[in-house]
Amino acid sequence: QQRKTGGVNEAILRAVKEGTFEFVFDIVKADPQLIWCHDETSSSIFSVAVQYRRAKIFSLIYGLDMKNSLASGRDSYNGNNLVHMAGMFVDSTLHGNIPGAALLMQRELQWFKEVESIAPAKVRLSLNKEGLTPRQLFTKNHKDMMREGEKWMKDTVSTCMVVGTLVVTIMFTVAFTVPGGNDQSKGFPIFINDKLFMVFIASVALSLFSSSTSVLTFLGIFTSCYAEEAFLKSLPKKLIIGFSTLLFSIVAMITAFSAALLLMLRGQSWILLPVIFLASIPVILIALMQLPLLVAMAHSTYGPSIFDRKMKRWF
């Protein structure tokens, strides 16, 4: 009664919603019974942490021996257990600055899989007051996000395919029109023994092969089945491969052009610095504009989990 009238429960629940880990940890460690603080739409602080996607606070559950009880607890309003809460998505759900609806869908699936993994089988299949299992509730609440993720993925892939196709076409043509031409008697390139020429031809080959790989990968994404599970691993992996090979092909193309220009203008030392400067501009733009998305996708798919599963017992 003192906790209720003193606003302790409200303070803890607000701290969980805001993600104030230190306050929640210290006060619950002092009185473990406060784990069961709840309102009508939650059953414990972990239920609130799942609803508001507070990974650090939710990770405290790994340091407890009562996971089954916490996962089985239901709210008094909709009869949702902890896994049901992972299947919900409301405006208050926070995911930071995740770029793209497809990566947001991936993060939602990661949350659902994580909460599902600590729940007993009967909890995963239990019904709420609407007669829905946690998985059915997840599908119902993420229909719009699925459509947005598919649209975002297809729009991104379509644009990248156009760029990749242009690079393939250009590099295929350049491979047969080498700088300096060919020796008419033997047919070999005139600069075949020049180191800059080897840089040129190697860059052309790498650009052609990597851009071809990216186009085929994007084609595979475009024709994929956009099921829920595909957003967890399959589609992000393909997008990472296609995007990284496309960026690599563009850098290789710029390297080939710079090598060919320096090869043809050898002896003109005044042109060296301007060529290097101009060639670095698109590389810098790629690094500033496109690499953050690639890094975000790679970190979300292959990076460390946002959950601390090695949490030690804390009371």
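Glycine residues also receive a Cβ, built from the backbone N, Cα and C atoms like all the rest.
Residues annotated as domain 'PGG' in TrEMBL: 150-262. Per TrEMBL, the feature transmembrane segment maps to 156-176, 196-227, 239-265, 271-295.
For the transmembrane segment (239-265), the list of distant contacts is 102, 153, 156-157, 160, 163-164, 167, 170-171, 174, 179-180, 191, 194, 196-197, 199-200, 203-204, 206-208, 210-211, 213-214, 217-218, 221, 271-272, 275-276, 279, 282-283, 286, 290-291, 293-294, 297-298, 301: same-chain residues at least six beyond its ends, Cβ to Cβ under 8 Å. Sequence-remote contacts of a segment are chain residues at least 6 beyond its ends whose Cβ falls under 8 Å from one of its Cβ atoms, and for the transmembrane segment (271-295) they are 99-100, 240, 243-244, 247, 250-251, 254-255, 257-258, 261-262, 265. When the domain 'PGG' (150-262) is classified with DSSP, helix, strand and coil residues number 85 helix, 2 strand, 26 coil.
Summed and averaged per residue, pLDDT over the domain 'PGG' (150-262) gives 89.
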